[in-house]
Amino acid sequence: MAIILGVDPGSRITGYGVIQCQGRHQLYLGSGCIRTSSDELPDRLKQIFDGLQEIIRQYQPSQFAIERVFMAKNADSALKLGQARGAAIVAATVAGLPVAEYSATQIKNAVVGTGRAQKAQVQHMVQQMLKLPAAPQADAADALAVAMCHYHTHQSLVALGGRASVRTYGRYR
């Protein structure tokens, strides 16, 4: 049984989603958003770090997965997003969690079946697959999709006789 924390990083809104996996079953445990309140980037990064530490304490995940950033609207946005990812990754490593990274295309493909899926399609599939009464908000749905992608990727590698740590995990130590 694994508890996976998925994170969709952002400097203003960071989505998180927690699922429990056993065999082929995925159970929704919780999700939401860390909304930063300060205009100062260092304060926002601390809010992300502190928020994720609290989520880690609450849910006690054994695995951590985060979306890998590959583009942004401009250089300043890319730098801020990278720093938000860094705050999230540090929160995971401080807790001793292995860190796995996935591209947006990998995540969408694992959950929707196509790497070009729209946000609404991701929300719908997350709702259906986790049997939720309503679609989660976009950032939380993306984070749940990250966790689900990690689970599917891990299961596929194990089924093929491989080790889940090969090519899947980015370890930060």
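Keep in mind that glycine also has a Cβ here, set from the backbone N, Cα and C atoms.
Database features, via Swiss-Prot:
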- Asp8: active site (ACT_SITE)
- Glu67: active site (ACT_SITE)
- Asp139: active site (ACT_SITE)
- Asp8, Asp139: Mg(2+) 1 binding site (BINDING)
- Glu67: Mg(2+) 2 binding site (BINDING)
Exercise. Could you give the Cα-Cα distance between Asp8 (active site) and Asp139 (active site), in whole Å?
Worked result: 6
Seminar exercise, completed: Residues near Glu67 (active site) by Cβ (under 8 Å) yet at least 6 apart in sequence within the same chain, in sequence order, are Val7, Asp8, Pro9, Glu101, Tyr102, Ser103, Ala104, Ile107, Asp142, Val146
